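What follows is a set of notes on a single structure, which appears directly below.
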Amino acid sequence: MRHIAIGLEGSANKLGIGIVAHDDVTGKVEILSNIRHTHITPPGTGFLPRDTAAHHREHVLPVLENALREARITIKDINVICFTKGPGMGAPLASVAIVARTLSLLWDKPLVGVNHCIGHIEMGREITGAENPVVLYVSGGNTQVIAYAEKRYRIFGETLDIAVGNCLDRFARVLNLSNDPSPGYNIEQAAKSGKTFIELPYTVKGMDVSFSGILSYIEMIAQDQLASGECTPEDLCFSLQETIFAMLVETTERAMAHIGSKEVLIVGGVGCNLRLQEMMMQMVGQRGGKVFATDERFCIDNGIMIAHAGLLAFRTGFTTKLEESFCTQRFRTDEVYVSWRD
């Protein structure tokens, strides 16, 4: 039997709708469509919840139509509608959840609310073939070191303040870098031209990390030293990346040692960063292991990961009642009962 799910994602500035099919006989997962539209703001600015929600409302129907057209399916073929329940920004989450509820009522289809992080993990596992990895989840809103045990994704370490992606995004604003395609990507490109490493605070506390002090310190350096020519923007981007990625590699290695794993899976938008992947490969290679990562189609927020994770839960009998289909900005990874894994 073939099950088909449509997934709606809108927890931040990416609006994504994806359609996936699971084959019960072969176990094959087929991606039928993966459409995305990004809310891009002017250089030096971030994205506000109100404006981001307005973007999602404006573009959700064209994105939905494109996803259905590309998948070449009809409404009757769809078994379940999946949406991001949280975590994320309140207004954007709610704007997309309203669409999911409306479709559920119009099409008479069950709903499944999905944890955003679980979506990233399960999509990463499916695309890469990683079996039981330590997961480094790095994005604009989340930074966690995770491993699976006893039906839950356990958090071994996390940020104590801001996420690694938020740190990069906010520094990109200081340098007035473009938000197209993303501020983190433009920091990565600038870092390739950096020639001088500037020492920054290195804040690892056990298994946890902290980025807010590093951001404050490098903002101060940018204000004091860029105008005088003591350093370049490229030097600062290079130094910031090297420092914060080293912190993430350290905590990930400690988790690998603790659970005895030889695999690392990097998920989330920052996981696209090739320098982070390279540094992780150096560490994991020394331990005789392997790093798994995806490209921008799957590491950046998308609807297909919500459809896939939601369908995994749906096939075990899980659904979300309409009266319980609210969104929450705080929805921890380890709150989800992972019924589909042994």
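Note that the numbers count up from 1, one per residue, in the order the chain is shown.
Just so it is clear, glycine is given a Cβ too, placed from its N, Cα and C backbone atoms.
Since we're looking at a predicted model, the values are computed, not measured.
The annotation domain 'Gcp-like' is assigned in TrEMBL to 30-307. The divalent metal cation binding site annotation in TrEMBL covers H116, H120, Y137, D301. According to TrEMBL, the feature substrate binding site maps to Y137, V138, S139, G140, G141, D169, G184, E188, N273.
Features per TrEMBL, on structure.
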residue : record                             : Cβ neighbours (10 Å)
H116    : divalent metal cation binding site : 26
H120    : divalent metal cation binding site : 32
Y137    : divalent metal cation binding site : 27
S139    : substrate binding site             : 25
G141    : substrate binding site             : 20
G184    : substrate binding site             : 26
N273    : substrate binding site             : 24
D301    : divalent metal cation binding site : 27
Inter-residue C-alpha distance, G184 (substrate binding site) and D301 (divalent metal cation binding site) (nearest angstrom): 14
Output field, divalent metal cation shell: CB within 8 Å of site CB centroid, site H116, H120, Y137, D301 dropped: S11, C117, G119, I121, S139, N142, V267, G268, G269, M305
Overall pLDDT for the domain 'Gcp-like' (30-307), taken as the rounded mean: 97
H116 (divalent metal cation binding site) and N273 (substrate binding site), distance between Cα atoms, whole Å: 20
